[in-house]
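**Q** Mind looking over this structure? Questions follow.
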Amino acid sequence: MNNGQKADIYVDISGHDYHVHIEQNLLSKCADYIAPFLKNDKILIITDSNVERAILPELTRALLPLHAEIITYIMPAGEPSKNWAELEKITNWMILNGVERSSHVIALGGGVVGDIVGFAAHIVKRGCHFIQIPTSLLAQVDSSVGGKTAINSPMGKNLIGAFHQPAMVLIDPNFLNSLPKRHVAAGFAEILKYGLINDADFFQWCSENVDAFFDGDIDARIYAIKTSIASKAAIVAEDEKELSGTRALLNLGHTFGHALEAETGFSEILLHGEGVAAGMALAARYSEWRGDIQAGIADNIAAIIKRAGLPTNLAECGINCAGEKLVEHMLHDKKLTGGNLPFLLMRGIGETYLAKDVDLSDVAAFLNDEKARGNAA
């Protein structure tokens, strides 16, 4: 359903159905959405130190009509918090505050908060419910829908986790108004990804509306968020746990991107969305390197990515290591099977496919060529 500045997407994944509500100023009305899920007189909210200042006060005020005790847990902001120690703190806090299997814990924050809270909800009492209120664009269009939850390992990103679908997702596009443009751009990378995967018309729409989106046009923002979520929901419904390869399409740009993130220490040096953006540009150029796409298509893709203020090559990511080192990071990729690493590559815009014949030495050679091109520029 889409009604002007409001949209509702029904998601049904392996019999677990829920709604994604998208609405301008939704936060002020969230009590109406949350009331049906309230099983006792407690509301447990987990957020991070950044969102605590920016959004948590408004949320707690909005929930006052429910006359429930609001209990909050504040975790440190940032990717480094997705670890065993923080997960243990959260699960202990949930248990001490009387969480039940019928409880609904609220994850208020970006992808880091949603990932770790979703994982905690999966394992506490062998599974309780959680509601996603994603505050970053990247979380709104990607991680809040689909059920992937995880923490990081010293060996790599998101290697410890589970599939656990939310009970509901509440999205307020107004959250984007308080975000730095860099973080909005990082989320826009995931929006572009849906067009590149299987919707050339949507990618064209993105290219024509990128300025309106960044200028705050609410209709453009709701359309982009709604279309992205609908695309992801359809893919995940077909292949929730990546058994057939369909869901793997959502990893376009991530094999290259995660290697770039690992090389920069999974830090603020390179945001996840920035890694994905550069990863998609690299995937396009590697597809051209292999002869999968016509010359010029990769440059066109990179041009749109660059218009969104995102990196498109190694140099723009601050990467100057050998290609072999980046390939070493790729060996921790979850898609690695029997020593073989499938790559998401392209035959055209909107035509992504899973390539299972990739030689990692060829990838290293390509990345070394990319490095040389960057140094020569």
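Glycine too: its Cβ is placed from the backbone N, Cα and C atoms.
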**Q** Check TrEMBL for me: it has His254, His272 binding Zn(2+), so pick out which one of Glu100, Glu190, Glu351, Glu370 it puts in that same site.
**A** Glu190
**Q** Compute the C-alpha separation of Val113 (NAD(+) binding site) from His272 (Zn(2+) binding site), stating it in Å without decimals.
**A** 14
**Q** What whole-number Å value do you get for the CA-CA distance of Ser136 (NAD(+) binding site) and Glu190 (Zn(2+) binding site)?
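**A** Cα of Ser136 (NAD(+) binding site) to Cα of Glu190 (Zn(2+) binding site) measures 12 Å after rounding.
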**Q** Considering all pairs of residues in Gly111, Val112, Val113, Gly114, Asp115, Thr135, Ser136, Lys148, Lys157, annotated in the record as contacting NAD(+), what is the maximal C-alpha distance expressed in whole angstrom?
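**A** Between the most distant Cα atoms of the NAD(+) site, 21 Å.
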**Q** If you compare CA-to-CA distances from Asp115 (NAD(+) binding site) to each of the binding-site residues Glu190, His254, His272, which comes out shortest?
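**A** Its closest listed neighbour, by Cα, is His272.
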**Q** Give me the CA-CA distance between His254 (Zn(2+) binding site) and Lys157 (NAD(+) binding site), in Å, as a whole number.
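**A** Cα-Cα, rounded: 11 Å.
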**Q** Determine how many residues of the domain '3-dehydroquinate synthase C-terminal' (187-335) DSSP places in helix, in strand and in coil.
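**A** Result for the domain '3-dehydroquinate synthase C-terminal' (187-335), in helix, strand, coil order: 104 helix, 0 strand, 45 coil.
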**Q** Check the DSSP secondary structure of Ser136 (NAD(+) binding site), expressed as helix, strand or coil.
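**A** For Ser136 (NAD(+) binding site) - judged by DSSP and reduced to three states - the answer is coil.
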